[in-house]
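Worksheet: one structure, shown below.
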Amino acid sequence: MVGEKMVIVFDFDRTLIDDDSDRWVVENMGLTHLFNQLRPTLPWNALMDRMMEELHSQGKTVEQIAECLKDVPLHPKTISAIQSAHDLGCDLKVVSDANQFYIETILKHHGLYRCFSEVITNPTSVDGEGRLKIFPYHDMTSFHGCNLCPPNLCKFA
């Protein structure tokens, strides 16, 4: 193993951060009631995309969502552990069912984004009107071959 780089793979919600990033935004931006109404009717990614649509319709900006995310709790020892592992030459990666915007925003806020070589998660984009859009990592209309995980992001196969 001499000369080989150690790879460390992290989940994000309730692992790197001390909460669930989706629920954090829903609760702290006042969407809990709508979220609870729609939860039984939509797959998770579609539900979170619908929450972003609602925030946009209320005049909330991507910048306001980012500010909300900067308050997500991240334990100081987690920060130092990530920095130490990176400084020792470990290859750090995130595999998460959260989304690109949330993860990048939180990691950049804590100065940790540079420590990770790869983030595998649900992609996001901001459309021409400034609305954050969340997409599934996998095409959820076709079976991806794993029955151990949600259809939108396989963490096993």
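The count begins at 1 with the first shown residue.
Note: Cβ is positioned from N, Cα and C throughout, glycine not excepted.
Pulled from TrEMBL:
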BINDING   Asp11, Asp13  Mg(2+) binding site
ACT_SITE  Asp11  active site, nucleophile
ACT_SITE  Asp13  active site, proton donor
BINDING   Asp22, Asp97  substrate binding site
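Across the structure, Asp11 (Mg(2+) binding site) and Asp97 (substrate binding site) place their CA atoms 8 angstrom apart. When the binding-site residues Asp11, Asp13, Asp22, Asp97 are compared by the number of other C-beta atoms lying within 10 angstroms of their own C-beta, Asp11 comes out lowest. Asp13 (Mg(2+) binding site) sits 9 Å from Asp22 (substrate binding site), taking the Cα positions as reference. Secondary structure at Asp13 (Mg(2+) binding site), as computed by DSSP, is coil. According to DSSP, Asp97 (substrate binding site) is assigned to a strand segment.
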